[in-house]
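J.: Got these off TrEMBL a minute ago, pasting:
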BINDING   R134, Q236  substrate binding site
BINDING   E155, K329  ATP binding site
BINDING   E155, N157  Mg(2+) binding site
DOMAIN    221-326  domain 'Glutathione synthase substrate-binding'
Amino acid sequence: MLSTLQCWPPELSEEQRAQLIDLATTYSLANGLAYLPNPAPSGPPTSAIHAPFTLIPTPYPRDLFTKAQKLQRIYNVLYSRVTLDTPFLDRVLGAEGGVGRVDEFVGTLWKGWKAIRDNNGGKELQPLHLGLFRSDYLIHQPSPESSDLSIKQVEFNTISSSFGALSEKTAALHRYLFAITGYYGAASCLTAENFPSNQTASGLAGGMVVAHQAYGSASASILFVVQPRERNVFDQRQLEYELVEKHGIHIVRQTFDELRNNMSVSSDGLLTIKVLGRPQPVEISVVYYRAGYAPTDYPTPQQYHVRFEIERSRAIKCPSIPMQLAGAKKVQQVLADPGVLESFLQD
């Protein structure tokens, strides 16, 4: 356990650094720790660049790392309950008395969600929500001499929580570099037992599998809603490969604009997508958003229309609109008000 923050990174010779760079970049490209180049190609990719990474993993206090892991389960419960508390979200984020009055993006999402509720007697056709969350922290040190370290949450992500698969690849990269070089004995904390396990990709995919099974149609597919010319495609594809190869679930990837022409929602909420090579539209069990988290994903009203059509379907959304709204920074602020957090976690 670290009681103080160490001076980092350790000193390496130019020859050692050059060898690490060569090993790390080739490992990254060989194992999918990669991006598409900027700008991303409009057609099939013909090249890739390695994603940003550190050559040496950063020491992190073991007790704070363990605390963050334990807190995550509680945070999952907290944000699930916030998602299901419609009056709370209406009050904090609504366009009538909340943030939605002054934030056009939040207000538009809230209005669309409220219209769906109103048209369905105040209820949603699909009561199940899928959350794949990410909680971000910084280490806080009150002064350079202090050993009183703590973690402070930066934000809680409820939509498009990216880099899960690439973080797993980065952890594997560090273990590989240690196995090959031992990091040249540069720091005493760089030992095999100090490299924590990382199986994020299987965990995220496992969440989608549970939702797919809860939907109840084995022949249905999972829809990935993606951005056009996505550079971070390898992070997403690792989840797709996990779902296809280990669970036999077919994946459909489409942008909002593609869905405008290919999507249909029946009167009873069945969501189907036209897919190249399939004679009949494909039923969708789960909608996983890797787009739709920022105003730039909705340049015209048509993209919002697609989002609201999906929302009124009985496919399980990851996230639903209320779950996305629950991740707003304003919610973090309100949860810090006296008594609010406790009201959600009374048990």
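Cβ atoms here come from the backbone N, Cα and C positions, even for glycine.
Predicted automatically and left uncurated, TrEMBL annotations should be read as such.
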J.: Taking the Cβ of Q236 (substrate binding site) as the centre, how many other Cβ atoms fall within a 10 Å radius?
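T.: The answer is 22.
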J.: Rank the binding-site residues R134, E155 by the number of other Cβ atoms within 10 Å of each Cβ, and give the residue at the low end.
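T.: Sparsest of the binding-site residues R134, E155 by Cβ contacts within 10 Å: E155.
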J.: Measure from the Cα of Q236 (substrate binding site) to the Cα of every one of the binding-site residues E155, N157, K329, then give the nearest.
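T.: That would be N157, the closest of E155, N157, K329 to Q236 (substrate binding site).
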J.: Just to be sure I understand, if DSSP states are collapsed into helix, strand and coil, how many residues of the domain 'Glutathione synthase substrate-binding' (221-326) fall in each?
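T.: The composition, in the requested order, is 42 helix, 26 strand, 38 coil.
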J.: Compile a sequence-ordered list of residues in the same chain as K329 (ATP binding site), six or more apart from it, whose Cβ lies below 8 A from its Cβ; state 'none' when nothing qualifies.
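T.: Residues satisfying the criterion: E155.
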J.: Where R134 (substrate binding site) and N157 (Mg(2+) binding site) are concerned, what is their Cα separation in Å, rounded?
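T.: R134 (substrate binding site) and N157 (Mg(2+) binding site) have their Cα atoms 5 Å apart.
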J.: Same-chain residues six or more away whose CB lies under 8 A from the CB of N157 (Mg(2+) binding site)?
T.: F133, R134, S135, D136, G327
